[in-house]
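Student: This is the structure, below, for whatever I ask next.
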Amino acid sequence: MPRRRQRPVAGSGSDGTEDSDSSADREQTNSSESDGTAAKRQRLTRASMRLSQSSQDTPDLKPAGDHDESPPLTPTGNAPSSESELDISSPNASHDESQAKDPAGRESDKDLSHRPKRRRCHETYNFNMKCPTPGCNSLGHLTGKHERHFAVSGCPLYHNLSADECKVKAISREKQEEEMKGQDEGNSRHATRHQTPTSKQSRYKEQVAEMRKGRNAGLQKEQKDKHVEHRQTHGNTREPLLENITSEYDLELFRKAQARASEDLEKLRIQGQITEGSNMIKTILFGRYELDTWYHSPYPEEYARLGRLYVCEFCLKYMKSQTILRRHMAKCVWKHPPGDEVYRKGAISVFEVDGKKNKIYCQNLCLLAKLFLDHKTLYYDVEPFLFYVMTEADNTGCHLVGYFSKEKNSFLNYNVSCILTMPQYMRQGFGKMLIDFSYLLSKVEEKVGSPERPLSDLGLISYRSYWKEVLLRYMCNFQGKEISIKEISQETAVNPVDIVSTLQSLQMLKYWKGKHLVLKRQDLIDEWKAKETKRGNSNKTIDPGSLKWTPPKGT
C-alpha cells in the first residue's frame, strides 16, 4: 500500500486560531525540509505505538515477596471481569508511563487512547481478608452463587454446611422458583380472583400439614446430647444444630430466608453501603439487657466503630463505655419519657412526646429504632411528628417497651409512620397493644387510619394478625343480615382497603352475580373464640376508658 504522507502540524496562537503569518514564513523557508520532517514524525509515531502495545501485552513483573501470583479478588470472591473494577495505579505505573512516551519526551494522543483510564476507588478493599469463622478457608457461599465469602452471614461452615451442599440447595431452589413462576403465568388474571382453592393447592396444603405433624414431638435424649455437645465444642463460632427441632418443611423455609438475606447483604456490601466489621454496632447495653442489633444505624462514626454501645434506658443518651454509663446513671434524673402521660392502666403507660419540644430525645429514639428496623429512613427531622412511647413501670422507673410515631398533619390520614417493639418485649402482645392504641386515637379523632407503607416484615405480620382479630370480633358480634364494609370501617377505624385485603386472605369475600358478598365463616369465628377463651383475662389489651387525650388542634 502507498504510504500516507502526514502533513506537518501548523502552529496555533494563544486564542486557538491559526497563525497565518508564521505558517507562511515556514512554508517559504522550510519547504525543502517538509518531506523529511513528515517521514521522521511518522517513524516516531509508529515506534511509540509499538512500544505502547508491547507494554500492554507484557505482564507486569511483581516481586516474589510483595504480591501473590493469583489475581486480586473482588468483594464477591471472583476475579475482576474488567479493569474498571480495580484501581489501576500500581508500583509499575511509572514503567508504563515511560514506555508510552516517544523518544522526544512527548506523550502521543494515539497512545493515550489505548491506555486504560485511571479511576480512584471510593472504597479500599482488603483482598487478603478472611472469613472470621475458625477453620474456614473462605471458599464457597451460603447462596451457592459465589466462589468465596468474607463474612459470617455467607459462611457455609458457620451454618454447618459445605460449599457443595450450598450449590446443590441453590439449584433445587432455582428449580422450585421456576416451577412456581410457570404456575403463576399459567393462571389467568380472572382465575386468581376465585377464592376457592384448586385441587392442586388443596393437595399441597394437605402435604404441608402432614409434614408439620411431628414438629412438636420434641428431641430425644440422643439428639439433645448431640446438640449440647455441638454447642460445647464450637460455642458461638457455629450456628446451633437445627435438625429435628422443627419439621423439614419449616427448616427449608428458614434456609431459604437465610440464603436470601445473605444475598441481600452481599449486594449491599458490594455497593459499599455496609462494611463487615467496621462502623457497625453489633450489640447495645440497654438497661439490664444486652441486645444484638439487626441493622445499621447512622450513629456518629466515633461511636459506631466501637461495635458496642451503652444506652441509658430512660433518656436514651448513648455512651462509649460502661464506666461512663454508670456515672451517667448516678446523675440522670429521668425515670420516664418526656411529654404528657396520655394513658395508664396498671403498669402500662403511654407518653405523648412532641418532636419539636423534645428534639434530642426523639432523635435518639429514632437512632435506637433503626438498629431493629430495615425500612426506617427518618433520623433527625423529627419536628413534624408526635411520638407515642409505651413503657412498663416498676420500682426503678418506666422502662421502654416500644413506640410509634405519627405525623401531626397527615395528608393521607396515616395513623402510624413508624412502629417498633423492643426485642426483649416481642412476642408478648405489646405489638398489638401499640397498633390498637393507634386505632383508638383515630377513633377519638373520628378518622379512618392506616399505617404508612412500606411496612417491615414483622410489622406486616403484626398488622395482618390485628386486622384478622378485629374482623372476626366484629363478625362474632354482628347480628344483622346485610353487612357493609363502610360500616365496618367506621366502627373499627380501619381503612376499607385493609379490610378488603384481610377478607380476601381469610376467603370471606366472594364475587357473585355482579356483587361482592361477605361470607360469615363460622369455623374461623369458633377458632378465634377458642383462642380468646384460652388467653383469658390478659392485661395485654387497651382500655379506652384509661385514655386521657384530646386531639391536638394545630402545630
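The backbone N, Cα and C atoms fix where each Cβ goes, and this holds for glycine too.
Automatic, uncurated: that is what TrEMBL annotation is.
Keep in mind that what you see is a predicted model, and the values were worked out from it rather than measured.
Okay, these came from TrEMBL:
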- GLU452: active site, proton donor/acceptor (ACT_SITE)
- 59-70: compositional bias 'Basic and acidic residues' (COMPBIAS)
- 75-93: compositional bias 'Polar residues' (COMPBIAS)
- 94-114: compositional bias 'Basic and acidic residues' (COMPBIAS)
- 174-188: compositional bias 'Basic and acidic residues' (COMPBIAS)
- 203-213: compositional bias 'Basic and acidic residues' (COMPBIAS)
- 221-236: compositional bias 'Basic and acidic residues' (COMPBIAS)
- 276-551: domain 'MYST-type HAT' (DOMAIN)
- 1-119: region 'Disordered' (REGION)
- 174-236: region 'Disordered' (REGION)
- 534-555: region 'Disordered' (REGION)
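Tell me about the surroundings of these features in the structure.
Tutor: The local packing around GLU452 (active site, proton donor/acceptor), expressed as other Cβ atoms within 10 Å of its Cβ over all shown chains, amounts to 17.
Residues 197, 247-250 of the same chain sit 6 or more residues outside the compositional bias 'Basic and acidic residues' (203-213) yet have a Cβ under 8 Å from a Cβ within it.
Assigned with DSSP, the residues of the compositional bias 'Basic and acidic residues' (221-236) fall into helix, strand and coil as follows: 16 helix, 0 strand, 0 coil.
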Student: Where does the mean pLDDT land for the domain 'MYST-type HAT' (276-551)?
Tutor: 90
